[in-house]
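Features of the protein shown, as given by TrEMBL:
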type: DOMAIN; residues: 5-349; note: domain 'Aminotransferase class V'
type: BINDING; residues: Arg42; note: L-glutamate binding site
type: BINDING; residues: Ala76, Thr77, Trp102, Thr152, Asp172, Gln195, Asn237, Thr238; note: pyridoxal 5'-phosphate binding site
type: MOD_RES; residues: Lys196; note: N6-(pyridoxal phosphate)lysine
Amino acid sequence: MSRAFNFSAGPATLPESVLRQAQDEMLEWRGSGASIVEHSHRGPEFIQVAAEAEADLRTLMSIPEDYAVLFLSGGATTQQALIPLNFAAAGQTADYVVTGHWGKTAIKQAKPYVAVNTVASSEAGGFRDIPARGEWQLSKDAAYVHITANETIHGVEFRDTPDTGDVPLVADFSSSIASEPVDVSKYGVIYAGAQKNLGPVGITVVIVRRDLLERAGQNRADIFNYASHLKGESMLNTPPTWNWYMLGLNMKWMLAEGGVAEFARRNAEKAALLYSVIDGSGGYYRNEVAAAVRSRMNVPFFLHDEALDKPFLSEAKAAGLMALKGHRALGGMRASIYNAMPVEGVKALADFMKDFQQRHG
Ligand code: PMP
């Protein structure tokens with residue numbers, strides 16, 4: 001077997017021990033006569049798996065009791081449509097801060113349901129910065145303010161939680177959830193697809209302050225109603241049980257490794273190493289994001305000559321470093337270095353980059 005260091009932006013690398021445990025338990029889950037993926041979601045086996053995953057996520061992220069946790073399908077994109085449906089009246093204003101591609105998709109999904117007010121955007125500057133909070137022109141009666149905590153493609157990350165006063169802050173944490181300690185109580189809603197930092201694709205976590213679930217929202221089918229999902233314990237319909245189980249294994253792994261404080265330490269070390277190679281390359285490699293908001297999770301970078309992209313990718317692959325091609329919207333390269341990417345993987349990439357520069361300088 002030759003597992004590479006996988007820098008994919010998502011679905012992304014998972015800890016080998018988690019994959020091995022899933023492999024061990026694949027045919028039969030703990031003497032229960034069947035795989036967990038073959039058990040009813042209403043049976044005691046899966047109910048235990050689901051409850052443990054939630055309890056472990058709550059411990060990991062220090063989620064307060066007045067917050068509900070939902071495990072849904074549909075990905076982050078579906079939540080981007082459900083958020084206005086659940087938390088805003090039809091046509092009510094909702095404020096959006098756009099710091100990259102995913103802020104724009106959030107607006108696209110919300111537009112049929114709310115009057116979107118883009119209160120700040122860094123698009124004119126190519127999404128290389130985050131407009132200062134002081135420059136945001138918040139609406140008077142906004143239902144909520146939406147931000148993207150970490151922009152996966154542009155590599156731009158909020159390093160502080162912006163203060164939006166009494167207006168609930170809704171944050172897309174798809175690519176940075178549980179990567180460092182976060183004060184959940186500063187948010188109205190945190191949502192994230194699992195496929196970067198929490199586990200496999202196919203399950204989405206929505207952490208919501210319970211009082212917000214009392215909002216009437218808009219006319220919508222029951223399956224689009226977060227309050228109904230809570231009442232039904234995220235089992236209004238058949239949930240993605242395998243993905244939920246895998247997420248649970250990953251939560252246990254993160255807790256055993258030392259929790260979010262330890263991952264914050266590792267993530268800072270990994271990011272600092274990679275940016276130092278880029279910045280120290282004399283322009284051979286380039287990342288143009290403002291230093292204060294550079295992402296610790298996704299590091300987009302460009303080689304000084306596009307003609308080097310192909311050899312860079314093929315030589316990296318031969319060196320056991322995979323999935324470094326940048327998103328098609330930006331081109332260039334991108335190294336996604338989520339929680340499950342070990343420090344050794346980033347060291348190997350840093351060494352490879354220095355070596356490549358020497359050989360192709
Ligand atoms: N938001 C962010 C920040 C993302 O990175 C992604 C996926 N890359 C999405 C939303 C969309 O997620 P999904 O594909 O799970 O709908």
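Residue 1 is the first one shown; counting continues down the chain.
Cβ from N, Cα, C; glycine included.
TrEMBL does not curate its annotations; it predicts them automatically.
Quantities reported herein were computed from a predicted structural model and do not represent experimental measurements.
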Find the longest CA to CA distance in the recorded pyridoxal 5'-phosphate-binding set Ala76, Thr77, Trp102, Thr152, Asp172, Gln195, Asn237, Thr238; express it in Å as a whole number.
30
For a quick check of packing: other C-beta atoms within 10 Å of the C-beta of the residue listed as 'L-glutamate binding site', how many?
9
Between the binding-site residues Thr77, Trp102, Thr152, Asp172, Asn237, which lies closest to Lys196 (N6-(pyridoxal phosphate)lysine), Cα to Cα?
Thr152
Those recorded positions, Thr77, Trp102, Thr152, Lys196, Thr238: which ones have a Cβ sitting under 6 Å from ligand 1?
Thr77, Trp102, Thr152
By Cβ count within 10 Å, point out the most packed of the binding-site residues listed: Thr152, Thr238.
Thr152
On a simple 10 Å Cβ count over all chains shown, which one of the binding-site residues Thr77, Gln195 is most densely packed?
Gln195
Taken over the domain 'Aminotransferase class V' (5-349), the model's mean pLDDT:
98
Cβ neighbour count (within 10 Å, all chains shown) around Asn237 (pyridoxal 5'-phosphate binding site)
11
With an 8 Å cut-off on Cβ-Cβ distance and a minimum sequence separation of at least 6, pull the same-chain contacts of Ala76 (pyridoxal 5'-phosphate binding site), or say none.
Trp102, Asp172, Ser174, Tyr191, Ala192, Gly193, Thr204
Local backbone state of Thr77 (pyridoxal 5'-phosphate binding site), from DSSP in three classes:
helix
So if I draw a 10 Å sphere around the Cβ of Asp172 (pyridoxal 5'-phosphate binding site), how many other Cβ atoms end up inside it?
28
Close binding-site residues near Arg42 (L-glutamate binding site), where close means Cα within 10 Å, chosen from Thr77, Thr152, Gln195, Asn237, Thr238:
Thr238
Quick one: what's DSSP say for Asp172 (pyridoxal 5'-phosphate binding site), helix, strand or coil?
strand
